[in-house]
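Undergrad: Sending over a structure as structure tokens; questions will come in a sec.
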Amino acid sequence: MTRVTDGRELYARAYRGGFAMPAFNVCNLEMAQGVVEAAEAERAPVILQTYPGDIAHGRPALAPLLNALADDAGVPVMLHLDHGDGLEMAVACMKLGYSSVMFDGAELGLEENIARTGPIVEAAHEFGASVEGEVGLFGGDHGSVVLTDPDEAARFVSEAGADTLAVSVGSEHAQKSRLKLDLLRSVAESTGHPLVLHGGSGIHPDDVREAVTLGVVKINIGNALSQAVRQGARDALESGLDHYGMLAAIRDAVREVARAKIKLMGASGHA
């Protein structure tokens, strides 16, 4: 068990096995440690993902740090680029050890989204890496919602060749939400492809469980971890802990949130 070097195999295993992996947005050591500890406790594969801003902020230390944690883990750990902006960024991350990358072309027209995703897929497959595309917009703190059209999703999967597809079916970044399960079912049937949900922190638990049965293999968790970090820091301050105690409290708070999400998505025991 160690760092995942071929993202396609892990997503395919989740798709066949009927479980989803939580993809946790992390930006420092304590958050990543908490997630890995949770995955080890649950014997689950897990995804550590970073925004482009996290990579820029943590350069040059963040990627080597995440790689070291993944290499030392007792369960499969995959590094993923969240909301990448193009080929150059994707290749740079794959050279740093990422085995899964996202190209966020959803704000483009479908034709341009397909055209720009294709070369990223070609490059990624040379690295043995996986590509996540997106059709539809999630909204929340990232703008307006545009629901995924099942026919457009099917065409994107066929022509762009992305290994997984992020779909907008009711979830929103940093917002509580209920999924439009009939739409998700239609997209799943039209694509026959592993699907991804963003804005996973606020999705109703019943909807998460149902989504997993419809071919969702990856659900992004960002806001829930951010809240755990803040709560851990507040608790440490109120308890009068020193900085070491505060960092440990943050790690522990993240671990408990991560364990709950892993269980919810049915990933426990699939390491």
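Glycine residues also receive a Cβ, built from the backbone N, Cα and C atoms like all the rest.
What you are looking at is a predicted structure, and each value in this text was computed from that prediction instead of being measured.
Feature table excerpt (TrEMBL):
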| type | residues | note |
| --- | --- | --- |
| ACT_SITE | ASP82 | active site, proton donor |
| BINDING | HIS83, HIS173, HIS198 | Zn(2+) 1 binding site |
| BINDING | ASP104, GLU134 | Zn(2+) 2 binding site |
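I'd like these features described in context: how deep, what's nearby, how far apart.
TA: In the three-state DSSP scheme, ASP82 (active site, proton donor) falls into the strand class. Non-local contacts of ASP82 (active site, proton donor) by the CB criterion (under 8 A, 6+ apart in sequence, same chain) comprise ALA23, ASN25, GLN49, THR50, TYR51, MET102, ASN220.
Under the three-state DSSP scheme, HIS173 (Zn(2+) 1 binding site) falls in the strand class.
For GLU134 (Zn(2+) 2 binding site), applying a Cβ distance below 8 Å and a minimum sequence separation of six or more within one chain yields MET102, PHE103, ASP104, GLY105, ALA106, ASN113, LEU165, ALA166, VAL167.
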Undergrad: For GLU134 (Zn(2+) 2 binding site), which of the three DSSP-derived states applies: helix, strand, or coil?
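TA: For GLU134 (Zn(2+) 2 binding site) - judged by DSSP and reduced to three states - the answer is strand.
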Undergrad: Over all shown protein chains, what is the count of other CB atoms within 10 A of the CB belonging to ASP104 (Zn(2+) 2 binding site)?
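TA: Cβ-Cβ neighbours of ASP104 (Zn(2+) 2 binding site) within 10 Å number 22.
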Undergrad: Near HIS198 (Zn(2+) 1 binding site), which residues of its own chain have a C-beta under 8 A away, given they sit six or more steps off in sequence?
TA: PHE138, ALA166, SER168, SER171, HIS173, ASN220
